[in-house]
Amino acid sequence: MTYGAFGLVEVLGSSNAILVVDQMLKASEVTFRTWHTKCGGHATVFLSGDVAAVTAAVDSVKENPPCDIVAAAVISNPSPETCRLVEEDAAKHKFNEASK
């Protein structure tokens, strides 16, 4: 599968990750793909959509953050390997099934 763009936002705490996802989903037409949590409470959320929508979603949390944002990025026209990596992680967490 190909994607126009991926948006990634890293925050501290799972609750903050949910706040960020909620705000981004409300800001534009994007799809939640998966998330990663790491030691120390870091959580990174992944969204996809067309470049303009993903950029608007990521910008919404950068400009009006619901919590402290550690890092945020937009990957335009991700490589097939990057797409596969995100899809495999989403399948592992069964996020693809929930979004259908």
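Each Cβ is built from the backbone N, Cα and C atoms, and glycine gets one as well.
What TrEMBL says about this one:
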{"type": "DOMAIN", "residues": "5-87", "note": "domain 'BMC'"}
Residues of the domain 'BMC' (5-87) by DSSP state, where helix covers H, G and I: 38 helix, 31 strand, 14 coil
Confidence summary (mean pLDDT) of the domain 'BMC' (5-87): 95
